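Taken from TrEMBL, the feature compositional bias 'Polar residues' covers B:1-10, B:381-421, B:473-487. Feature annotation from TrEMBL assigns region 'Disordered' to B:1-44, B:381-487. Per TrEMBL, the feature compositional bias 'Pro residues' maps to B:14-23. Positions annotated as compositional bias 'Basic residues' by TrEMBL: B:24-35, B:437-450. As annotated by TrEMBL, transmembrane segment applies to B:74-92, B:98-121, B:217-244, B:264-289. As annotated by TrEMBL, domain 'Palmitoyltransferase DHHC' applies to B:171-299.
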Amino acid sequence: MAETHSLQDLQQPAVFSKVFIQRDYGSGTICRFQTKFPSDLESRLDKQQFEETIQTLNNLYAEAEKLGGKSYLEGCLACLTAYTVFLCMETHYEKVLKKIARYIKDQNEKVYAPRGLLLTDPIERGLRVVEITIFEDRNIGSGR
Amino acid sequence: MKNCEYQQIDPQALPTPTPTPPPPHHHHHHHHHHGHDGDKREEPNRLRRKWEVFPGKNRFFCGGRIIVARQSGVLPLTLGLILVTSVLFFIFDCPFLVKHLTSCIPVIGGVLFIFVVITLLQTSFTDPGILPRATPDEAADIEKQIENTGSTSYRPPPRTKEVLINQQVVKLKYCFTCKMFRPPRTSHCSLCDNCVERFDHHCPWVGNCVGKRNYRFFYTFIVSLSFLTAFIFGCVTTHLALRAQGGKGLVFALQESPGRYPSLSNLVICFFSVWSILGLSGFHTYLVASNLTTNEDIKGSWSGKSGAECATNPYSHRNIFINCCSVLCGPMPPSLIDRRGFLPVDEYAQTSGTDIELPTLAAKSEINVCTQGTKGLLESATRSPLLSTPCPQGKPQSAHTCPDNSPTVNSDPSPELSTSCGARHTARSLSDTSPPRHTKTRSKKSKRAALHIPNPAFDDPASPTSPDAGPSTKGSGQKGATSASMH
């Protein structure tokens, strides 16, 4: 039961629980997450921060799935080439996914990590949930 | 792992899916860490990719880039038919037609042929929109939510959730295999053992499910195939007609033409193909224009037959042009299963010893084959004690056009377990016990016809034992649906 590696402990804190933000299907099958603030996070995070994060994510996904002139053009061009362009080119959706990944990393560094939370990119969960991992807060010593 | 400040958690230090930190300390429930170096003895340099531990019944080639269903169905037959017909056309009919008509003919034929083959391969080898299964934590969370909102009776609550989509009530069902509530328009294909988004149907001709990601390939394939078969049919007819004109009638023309048998067989094949493929294309054009899937059309979800009130399709944009554009030219969604990603090394893929005693998780007898993932076993045992065999009344809910395979449902371990246990092996042994409908016999053809959802509006002359060969009205589609769902 070696507990002397305190630095390691702090670098790898224990997971207290996980909160899952489910998808909001009110407007169909587009990718949207519910903005309801989960009660487990009340002590760690402000409601506004949370809503802002989720809302930005929703907007980014909406941008990825937007049906507009550009996406139609991409689709028609792909059809004409028997969709072989998908093998060479990065699609618009993939570009936005990269943007989302950067945003999540940024949010983690600035907002969530200081509060002992970790935001998981929904793409790693099949775009089903936004997983927020809550770590035990050793320093305050509240092992709730 | 870089050094970080006293309070801050370094998000990069933790690979995201792991719930336990890599050098597991004993404030958790791990007791057997003899030889942490024992973990390393298993190829420390070779990381495993996620496709190697994929729990569904799929096969992967080219390092995970190509995905097909376990039963390739009649894909070789489809390819063979197309190849043979086209090659015969080029060899026997083209020279004559080039001489007598125009040399554009082989060019057009060639372009169409290449189009058809490329789109066919893309339909077969693309991930149709498979949803990855829920992680154990997610599954536990959902179970908790179901329990909280469930009924107070001892009977387990019905596993459905209702959502309001564009003022239309839609029921979301809980998938017992994937342990999550299925998003709208998602269906679980029992042949592939995956939930597929915007599930259309499982096409044996193509050897894959047709879903959100490869529907446009499929549609382009059948449209270009109908053009190709119509083109070949026309050319062969022209060829024979021209010969008959020059000579003394058709019979003489047939006798003297060098490629009479190939041309005739071409004619016959194309004649039957044209009608069925044209019919299928027409049916799918209707589906595209009204933003429906074959699954929804067969079940009559939005035609108001099942619901009490008049149900309308909540996903339709109410404009044919926009519907077509959104289905065929919309942005290409990414693959959600990340086949080529690497498994996190510290995770359950590591062996921690040889023989670990297994906890008594109910009905998990297939796991005795492997020793990996015991950490996962313990984790999930403590975290999700509710992961047990699903209640039998849940099964009918997950049966759609493909009947739910009970061995699959009952014995599905948590994803981590199945992944590290080499689920493909367990799944293979399970599929042996499934009803013998996958053997290549006549019965398979009838099943294939039923599974392929033959268009209700047109006869499919190629399937002699088609269950709904009958009146060519839309209503017969419903009959076909009931017979298909009874299989």
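Note: Cβ is positioned from N, Cα and C throughout, glycine not excepted.
Keep in mind that this is a model prediction, so the values were computed, not measured.
Pairs of Cβ atoms less than 8 Å apart link the transmembrane segment (B:264-289) most often to B:217-244, out of B:74-92, B:98-121, B:217-244.
Within the same chain, residues 82, 85-86, 89, 93-94, 96-97, 100-101, 105, 108-109, 112-113, 115-116, 119-120, 122-123, 126, 200, 203, 206, 210, 250, 252-254, 256-257, 263, 266-267, 270-271, 273-274, 277-278, 280-281, 284, 288, 327-328 sit at least 6 positions outside the transmembrane segment (B:217-244) and bring their C-beta atoms closer than 8 Å to a C-beta of that stretch. Averaged over the domain 'Palmitoyltransferase DHHC' (B:171-299), the predicted model has a pLDDT of 86. Residue counts of the domain 'Palmitoyltransferase DHHC' (B:171-299) by helix, strand and coil are 75 helix, 19 strand, 35 coil (DSSP-based).
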